[in-house]
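One structure is given below, encoded as structure tokens.
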Amino acid sequence: MAGGGFASASGDVNFEAKITYTVIISCIMAATGGLMFGYDIGISGGVTSMAAFLKEFFPEVYRKTVEEKEVDSNYCKYDNEKLQLFTSCLYLAGLTATFLASHITRKQGRRATMLIAGFIFIAGVAFNAAAQNLTMLIIGRLLLGCGVGFANQAVPVFLSEIAPSRIRGALNILFQLNITLGILFANLVNYATNKIKGGWGWRLSLGLGGLPALLLTLGAFLVVDTPNSLIERGHLEEGKAVLRKIRGIDNIEPEFLELVDACTVAKEVKHPFRNILKRRNRPQLLISIALQVFQQFTGINAIMFYAPVLFNTLGFKNDASLYSAVITGAVNVISTVVSIYSVDRLGRRMLLLEAGVQMFLSQFVIAVIIGMKVRDHDEDLSKGFAVLVVVMVCIFVSAFAWSWGPLSWLIPSEIFPLETRSAGQSIAVCVNLLCTFVIAQAFLSMLCLFKFGIFLFFSGCVLIMSTFVLFLLPETKNVPIEEMTEKVWKQHWLWKRFAEDDCVKEEKVVTDN
């Protein structure tokens with residue numbers, strides 16, 4: 001499988017590349033790291049709606065949802081700090097692990113980091129599947145979090161560096177596609193294991209998380225490290241050979257020389273986390289942080305973590321709530337495929353802005369329906385309105401899946417220069433996991449407090465972030481990853497002053513010397 005060459009550098013330099021089997025297979029294998037993340041997102045909400053799991057580890061919630069239904073408001077049945085901690089502690093662990101992962105990614109390579117991620121995740125799965133008490137359950141979740149932190153650090157950078165620039169967006173979104181496939185797989189598993197008699201189905205749900213971790217581990221053994229990483233670590237000839245292999249051509253000298261120049265600059269940076277705070281890196285840093293915050297405050301993970309719980313709250317029966325979660329998971333997968341097709345054609349900004357309108361309207365409609373029809377002690381939402389809620393959730397999920405889901409990972413992985421790329425990705429992952437922790441820990445309490453107003457809160461956040469994209473996010477489609485400064489930051493109405501000021505300072509230093 002091969003494509004034609006393309007012009008991609010500044011000036012008269014052409015970077016030729018074919019779309020080779022090596023690139024496609026390497027990206028598919030690496031992107032399985034997203035399966036781990038997605039499976040965990042989907043599985044936690046499903047098992048926390050299973051009566052046997054609640055009875056084993058969260059008896060207070062079990063009593064409120066099964067034995068004493070009339071006592072609590074529909075919105076407050078699942079409001080329990082320990083239950084929220086079960087979901088959220090993973091992301092707190094991932095937040096901490098990503099700093100170590102950043103160091104390993106830079107010093108040992110992207111491939112080594114993915115390998116470590118797989119091993120740690122498998123250990124966490126073993127603890128969870130065999131859990132006899134809440135302590136074992138939490139230890140397992142913490143290990144899973146470390147695995148997620150390592151995978152989220154390495155995989156997006158790996159995908160961006162190994163892909164030719166004209167399909168970089170599509171290949172990077174394979175990570176997000178695998179997240180959505182993991183969520184769908186988890187929802188299907190939960191639906192099936194909930195029917196197992198004997199009350200042990202939740203163990204199977206948690207245990208099957210080892211499959212995507214095993215795929216990532218095997219994939220890390222098989223893939224090559226990126227030329228950027230090899231050259232950065234001093235393996236010039238090996239990096240050149242890998243570059244020739246993944247580009248499928250002999251004339252890789254122009255791209256190789258640019259990578260060597262970028263790595264020379266990167267080696268001069270001894271403290272990437274300190275360097276990233278310099279004026280010229282502030283636009284990239286601000287945008288990366290903002291994208292991660294905004295992604296979580298769309299409300300998507302509140303829905304994905306707790307979809308069965310949310311549907312139960314609205315009056316769906318247990319099987320119906322799990323089935324509805326499967327539907328939204330399938331929509332998530334299909335819509336991510338749309339993003340793979342369109343991201344390098346329509347561009348990042350167009351997808352984000354269109355999705356902003358779609359997400360705002362769908363959440364507003366959900367808030368109106370629930371506000372009118374779901375009372376504190378109503379048993380059921382009528383069938384017609386229940387279907388409408390599921391449709392609106394699907395419309396919201398589809399918009400997220402082709403925009404904020406994949407692009408919040410793609411854009412940070414491609415906008416930083418090589419010398420701060422691992423640090424920038426680490427900060428992006430850290431902020432994402434911190435916000436994910438906040439949402440996971442707070443959502444059920446927010447649902448109890450705000451009731452239907454929770455969806456108005458998230459729709460307001462969507463309005464704010466769409467305004468940010470409109471004025472402050474530059475377009476990066478089809479721009480070579482090492483050419484972002486010249487072709488993006490120096491061309492933007494606001495951010496160019498940061499790049500130009502630094503250039504003026506550097507020229508002044510050279511002149512003075």
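Glycine too: its Cβ is placed from the backbone N, Cα and C atoms.
TrEMBL annotations: computationally assigned, not manually curated.
The domain 'Major facilitator superfamily (MFS) profile' annotation in TrEMBL covers 26-477.
Among the features that TrEMBL reports, transmembrane segment is placed at 19-39 (among others).
As annotated by TrEMBL, transmembrane segment applies to 83-101 (among others).
TrEMBL lists 113-131 (among others) with the feature transmembrane segment. Within the chain, the transmembrane segment (113-131) has long-range Cβ neighbours (under 8 A, six or more residues past its boundaries) at 30, 33, 36, 57, 101, 104-105, 137, 139-151, 153-155, 158, 203-204, 206-207, 209-210, 213-214, 216-217, 219-221, 223.
Here the transmembrane segment (137-159) has long-range neighbours at 27, 30-31, 33-34, 36-37, 40, 57, 85-86, 89-98, 101-102, 104-105, 110-111, 113-114, 116-129, 131, 168, 171-172, 174-175, 206, 209, 213, 216, 223, 226, 409-410, 412-413, 421-422, 425-426, 429, 432-433, meaning same-chain residues at least 6 beyond its ends whose C-beta is under 8 angstroms from one of its own. Residues or ranges marked as transmembrane segment in TrEMBL: 137-159 (among others).
Counting same-chain residues at least six beyond the ends of the transmembrane segment (171-192), those with a Cβ under 8 angstroms from any Cβ of the stretch are 23-24, 27-28, 30-43, 46-47, 50, 155-156, 159-160, 162-163, 201, 204-205, 208, 212, 304, 307-308, 319, 322-323, 325-326, 328-330, 332-333, 335-337, 339-340, 343, 401, 405-406, 409-410, 413-414. Per TrEMBL, the feature transmembrane segment maps to 171-192 (among others).
Look at TrEMBL and you will find 204-224 (among others) tagged as transmembrane segment.
Residues or ranges marked as transmembrane segment in TrEMBL: 285-309 (among others).
With a cut-off of 8 Å between Cβ atoms, the residues of this chain six or more beyond the transmembrane segment (321-343) that come close are 42, 45-46, 49, 169-170, 173-174, 176-177, 180-181, 183-184, 186-188, 190-191, 194, 303-304, 307-312, 351, 390, 393-394, 397-403, 405-407, 410, 477. The transmembrane segment annotation in TrEMBL covers 321-343 (among others).
Same-chain residues lying 6+ beyond the ends of the transmembrane segment (350-372) with a Cβ under 8 Å from its Cβ atoms: 298-299, 314, 339, 342-343, 385, 388-389, 392-393, 395-396, 398-400, 402-404, 407, 451-456, 458-459, 462-463, 465-466, 469-470, 473. The transmembrane segment annotation in TrEMBL covers 350-372 (among others).
Listed by sequence, the residues of this chain that lie at least six past the ends of the transmembrane segment (384-405) yet keep a Cβ under 8 A from its Cβ atoms are 176, 179-180, 291, 294-295, 298-300, 303, 311, 314-316, 324, 327-328, 331-336, 338-339, 342, 351-352, 354-356, 358-359, 362-363, 365-366, 369-370, 373, 465. For 384-405 (among others), the entry in TrEMBL reads transmembrane segment.
Sequence-distant contacts of the transmembrane segment (426-446) (same chain, six or more residues past either end, CB-CB distance under 8 Å): 78-81, 83-85, 87-89, 91-92, 94-95, 98-99, 101-102, 105, 145, 148-149, 152-153, 273, 276, 285, 288-289, 291-293, 295-297, 299, 301-302, 305-306, 309, 408-409, 412-413, 454, 457. Annotated transmembrane segment per TrEMBL: 426-446 (among others), in sequence order.
For 452-473 (among others), the entry in TrEMBL reads transmembrane segment. Long-range neighbours of the transmembrane segment (452-473) within the same chain, counting only residues 6 or more positions beyond its ends whose Cβ lies under 8 Å from a Cβ of the stretch, are 287, 290, 294, 297-299, 302, 348-349, 352-353, 356-357, 359-360, 363-364, 366-367, 370-371, 374, 404, 411, 443, 446, 494.
This prediction places the mean pLDDT of the domain 'Major facilitator superfamily (MFS) profile' (26-477) at 85. Among residues of the same chain six or more beyond the transmembrane segment (19-39), those with a C-beta under 8 A of the stretch's C-beta atoms are 1-3, 110, 114, 117-118, 121, 147-148, 151-152, 154-155, 158-159, 162-164, 167, 171, 174-186, 208-209, 211-213, 215-216, 218-220, 222-224, 245-248.
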